[in-house]
Amino acid sequence: MAKEKKRGFFSWLGFGQKEQTPEKETEVQNEQPVVEEIVQAQEPVKASEQAVEEQPQAHTEAEAETFAADVVEVTEQVAESEKAQPEAEVVAQPEPVVEETPEPVAIEREELPLPEDVNAEAVSPEEWQAEAETVEIVEAAEEEAAKEEITDEELETALAAEAAEEAVMVVPPAEEEQPVEEIAQEQEKPTKEGFFARLKRSLLKTKENLGSGFISLFRGKKIDDDLFEELEEQLLIADVGVETTRKIITNLTEGASRKQLRDAEALYGLLKEEMGEILAKVDEPLNVEGKAPFVILMVGVNGVGKTTTIGKLARQFEQQGKSVMLAAGDTFRAAAVEQLQVWGQRNNIPVIAQHTGADSASVIFDAIQAAKARNIDVLIADTAGRLQNKSHLMEELKKIVRVMKKLDVEAPHEVMLTIDASTGQNAVSQAKLFHEAVGLTGITLTKLDGTAKGGVIFSVADQFGIPIRYIGVGERIEDLRPFKADDFIEALFARED
């Protein structure tokens with residue numbers, strides 16, 4: 001009855017609850033921001049607390065129904081209930097204990113519970129599950145943070161690796177430039193020994209069949225017919241040619257009997273002299289003095305290196321202090337005009353050219369007129385590559401020569417045939433037919449460094465007697481050198497001890 005008197009009449013009728021309800025609603029509204037910040041794992045705890053708050057309300061309704069009949073006694077105690085109403089309100093307010101709920105929430109949000117505290121406190125299963133889920137979420141967040149840190153480290157490692165690779169990629173060019181500079185310094189030295197060493201390296205493949213390759217053939221043998229047969233076979237393998245080989249063998253046989261040679265190694269020296277005499281007949285450098293302009297007409301088959309040889313010759317003449325002009329007479333091959341123009345741009349040399357497909361004779365005619373007007377020292381005219389067995393193309397070449405003679409009776413002052421040394425005995429056929437068509441006055445032998453068929457130079461020199469002006473032993477401009485028979489023979493027969 002004491003509890004019933006304390007609650008009062010208005011509380012049984014629900015007046016006290018109406019006054020408490022706004023207060024609870026305001027408190028709940030104030031707690032909503034706090035509750036929204038709580039982790040999802042704490043929702044079961046909130047549900048249990050709400051259930052505890054709803055129990056007093058249900059109990060109050062049951063008691064109200066039980067004492068509804070005793071209205072008379074309640075009316076007599078109105079005065080007492082009015083006095084007790086403030087106390088009831090005071091007592092009813094702390095029952096939900098709403099203010100105490102944020103304290104553990106705030107503690108859990110600011111500081112995570114330690115495992116020792118969890119074990120020491122008696123926690124309900126729902127709270128234990130909520131805390132376990134909270135710990136799992138925190139651990140997952142820490143793992144993600146750790147992964148992010150590892151990712152940053154991996155990124156730094158990757159950046160360092162890329163920087164190292166870039167450093168590695170930058171280093172080799174610097175290492176490669178040093179040998180190039182050293183080679184350039186060696187080339188600048190006009191000493192005979194420097195070029196001789198380079199010539200020996202370029203003739204390594206040819207020396208396998210000629211020159212020093214004969215040492216093993218002659219060593220420890222007697223001079224007899226078997227030795228000459230082996231020598232003849234070796235000369236034919238080196239593309240010296242049948243006629244030139246027979247001539248060499250005949251002269252060696254006569255010389256050996258005349259000098260009464262018995263040692264095969266002595267025959268090796270005699271062979272060197274014999275082959276040196278063949279090349280000495282064609283050792284005649286090109287002289288461009290006395291003519292203005294000195295016109296050089298370049299002829300040859302396709303792909304032997306005419307245009308490249310023109311660019312190298314132009315550079316060498318310019319280094320000698322002569323003014324040079326180029327004529328792009330190869331109007332048939334695609335990009336031939338552009339190729340010659342590139343050589344002109346590299347060396348600051350003027351190039352006379354027309355569109356592709358134009359008449360080659362007209363281009364060269366215009367070039368001769370321009371060279372005379374500008375007082376050019378040397379004019380080098382390019383022509384389209386043509387096979388020696390194409391009669392109509394050879395007739396076109398004759399037409400070019402006739403057109404040139406209209407401006408200068410002595411032009412062209414040099415008709416230079418470019419021969420690829422790797423073609424072997426086909427070079428003999430080229431020299432024969434081009435010589436019959438336009439009358440060759442010089443020969444340039446290219447690509448000697450990449451073939452074992454360099455013996456063709458002896459066949460061409462022996463059969464035609466046309467001066468060999470230049471030999472190409474490499475790709476650089478300096479690798480196109482004036483031909484010197486003595487240097488060539490010495491490099492060919494140099495012994496590798």
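Glycine residues also receive a Cβ, built from the backbone N, Cα and C atoms like all the rest.
Here Swiss-Prot flags 1-63 (among others) as region 'Disordered'.
Look at Swiss-Prot and you will find 79-130 (among others) tagged as region 'Disordered'.
For 87-96, the entry in Swiss-Prot reads compositional bias 'Low complexity'.
Sequence annotations record features per position, and here Swiss-Prot assigns GTP binding site to 300-307, 382-386, 446-449 based on sequence analysis. Taking Cβ-Cβ distances under 8 Å and a sequence gap of 6 or more within the same chain, the neighbours of Lys306 (GTP binding site) are Met298, Val299, Gly300, Asp330, Asp382, Thr383, Gly385, Thr418.
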Long-range Cβ environment of Leu448 (GTP binding site), under 8 Å and at least 6 residues apart: Ser202, Leu203, Thr206, Ala421, Gly454, Ile457, Ile471, Gly472, Val473
Same-chain residues at least 6 apart in sequence whose Cβ lies under 8 Å from Gly303 (GTP binding site): Gly385, Asp420
Cβ neighbour count within 10 Å of Gly300 (GTP binding site): 24
For Arg386 (GTP binding site): intrachain residues, at least 6 apart, with Cβ closer than 8 Å: Val301, Asn302, Leu393, Met394, Glu396, Leu397
